[in-house]
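> Reproduced below are the annotations present in TrEMBL:
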ACT_SITE  HIS175  active site, proton donor
ACT_SITE  GLU309  active site, proton acceptor
BINDING   ASN80, ARG81, HIS175, SER176, TYR177, ASP242  beta-D-galactose binding site
Amino acid sequence: MCEVKREALSLESAQRSVEKWTLRSQSVSVEIISLGAVITSIKTLDRSGHTADIVLGFDDLGSYLTNPRYFGAVVGRVANRIAKGQFVIEGKVYKLAINNGPNALHGGLKGFDKYVWTCEAVENGVRLSHSSAEGDEGYPGNLKVSVTYTLEENILTVQYSAQTDQTTPVNLTNHSYFNLAGQGTPDIYDHEVTISAEAYLPVDDTMIPTGEIRPVENSLFDLRKPVLLGPRLKELPGPGFDHNFCLWVPGQPKLERKCARVVHPGTGRVLEVSTTQPGVQFYTSNFLDGSLGGKGGTSYPKHSAFCLETQNWPDAVNQVMIKAKLQYFLVDSVNVCFQGILENQRQGETLYM
């Protein structure tokens, strides 16, 4: 059973009031705000019984108005990058705002993370809804989206849905940054990561997939067995991981599958992720630089957190190879599920927090 609590927050610069919802089980508490449908806090115990907040964020509500690194937010209409900020549907060219080098990122200049969503209580959680009008950030069609957060014991489920009156790309995800040692810990080098993917998408120098679907075998991207992040990041060319790992391929049923597991041996905390989506973007906070003031007066330097963004493959609306592989890249509805399972390991026993 989950306790669900709602409270109103004061934010003078917002045109609407902002709500904070707290979901609390015996082992985990999660805080969500209606601004950006942001997860602002996930608190859980370590093996010694000490509680820590394991997601990055801000103490003050006003910082979430800008939130330049999308801490905890639901991003859309289209998460990740769209090459050159444009795509073609049914012979018509749609042009988007350019906000990440030469590309469009996470929905544009004012994506879903910048809006106050409408909230309603559901069993063991909260549903947040948002409407995006035709032409919003350049996208076609009127779109209604919702995200439902529910907490049962140690399982946080995030379920997305979308309905549109025109053909349009939709790709929703949550952009929480995790550090299982506790937010404010300076790096994630002592975390062990496993991602159950046989292939990944190489990218060009602007982080757009090249069109190749490359097997991970015999490469630094082979995370099918636990890998300690620190040494692997030193070996990896470039600033770190910011790549889509391919979770399933055509011919396989679209079922919920466990896709990732992250262990912090020092605290005994474990995060497991399962999803119905075909990809997960593994990102090691390469572009954090310590300039953002975080919770409790902390700062967040490079590699101080990781993201596991379950989603469709990046730039799928433009990729000929990906279009051939994935025939669902233009959607009339989306209904996907993410589960984060937090475990506490004590004396050889697995305790679900």
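Cβ atoms are placed via backbone N, Cα and C, with glycine included.
TrEMBL labels come from automatic prediction, so no person has curated them.
Locate each feature and note its surroundings.
Annotation for HIS175 (active site, proton donor): spatial neighbours TYR70, PHE71, GLY72, ALA73, VAL74, VAL75, ALA79, HIS106, ASP113, CYS307, GLU309, criterion Cβ-Cβ under 8 Å with sequence separation of six or more.
For GLU309 (active site, proton acceptor), other Cβ atoms within 10 Å of its Cβ number 25.
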> Hey, which of the binding-site residues ASN80, ARG81, SER176, TYR177, ASP242 is the loneliest by Cβ count within 10 Å?
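Across ASN80, ARG81, SER176, TYR177, ASP242, these binding-site residues, the one with fewest Cβ atoms within 10 Å is ASP242.
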> In whole Å, could you give the widest CA to CA gap in the beta-D-galactose site formed by ASN80, ARG81, HIS175, SER176, TYR177, ASP242?
18
